[in-house]
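Engineer: Structure provided below as structure tokens; questions to follow.
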């Protein structure tokens, strides 16, 4: 019986010793995160689409914190670019390409009659906007879809296509540059 208690005590002592060594190593070799990259990463839409040329939002956030252009996030568009410009205290930049300058929001559409239920699109979707079960038809939740286009390529039956979102009163945005409104500041009015 004493051999059992000796084994328990020895294993407990080893566990405590290794825990202390790991705790010390974690504090001694801690890698400090860039706080600017953290803030930039919080602003990005986290769609992990790769349209910016980086494999995900975190690598792009680190690149932006190191001086990369702030206008490469296609899913975030102008809103994200303006937030990044404000955070980094830099001038807003025009969006990356002419197609991105006037983005037409697109969402994935699945032709449910041709869907074989392989779930490859579900696995490819970074924001879980596609629902369905194995060997059953799938559908896209358009409110969640970011239009990243990552679900189209894996589809073996080519039943997924990107379609532009119809402009309605719910998603239409005023072009404030074309409206001739003069802003009157309170100090000038009084």
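The backbone N, Cα and C atoms fix where each Cβ goes, and this holds for glycine too.
Pulled the feature table from Swiss-Prot, pasting it below:
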BINDING   49, 52, 57, 73  [4Fe-4S] cluster 1 binding site
BINDING   115, 118, 121, 155  [4Fe-4S] cluster 2 binding site
BINDING   125, 145, 148, 151  [4Fe-4S] cluster 3 binding site
DOMAIN    106-135  domain '4Fe-4S ferredoxin-type 1'
DOMAIN    136-165  domain '4Fe-4S ferredoxin-type 2'
REGION    1-26  region 'Hydrophobic'
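For each feature listed, report its degree of burial, its nearest neighbours and the pertinent distances within the displayed model.
Structural biologist: Reduced to three states, the DSSP call for residue 52 ([4Fe-4S] cluster 1 binding site) is coil.
In the structure as shown, the Cβ atom of residue 155 ([4Fe-4S] cluster 2 binding site) sits within 10 Å of 21 other Cβ atoms.
Sequence-distant contacts of residue 148 ([4Fe-4S] cluster 3 binding site), defined by Cβ-Cβ distance under 8 angstroms and a gap of at least six in the same chain, are 47, 48, 49, 50, 51, 75, 126, 127.
In the domain '4Fe-4S ferredoxin-type 1' (106-135), the DSSP tally of helix, strand and coil residues is 5 helix, 7 strand, 18 coil.
Under DSSP, residues within the domain '4Fe-4S ferredoxin-type 2' (136-165) fall into helix, strand and coil as 0 helix, 7 strand, 23 coil.
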Engineer: Counting by DSSP secondary structure, give me helix, strand and coil numbers for the region 'Hydrophobic' (1-26).
Structural biologist: 25 helix, 0 strand, 1 coil
Engineer: Expressed to the nearest Å, what is the distance separating residue 145 ([4Fe-4S] cluster 3 binding site) and residue 121 ([4Fe-4S] cluster 2 binding site) at their Cα atoms?
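Structural biologist: If we compare the Cα positions of residue 145 ([4Fe-4S] cluster 3 binding site) and residue 121 ([4Fe-4S] cluster 2 binding site), the gap is 12 Å.
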Engineer: Using DSSP and collapsing to three states, where does residue 57 ([4Fe-4S] cluster 1 binding site) fall: helix, strand or coil?
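Structural biologist: Reduced to three states, the DSSP call for residue 57 ([4Fe-4S] cluster 1 binding site) is helix.
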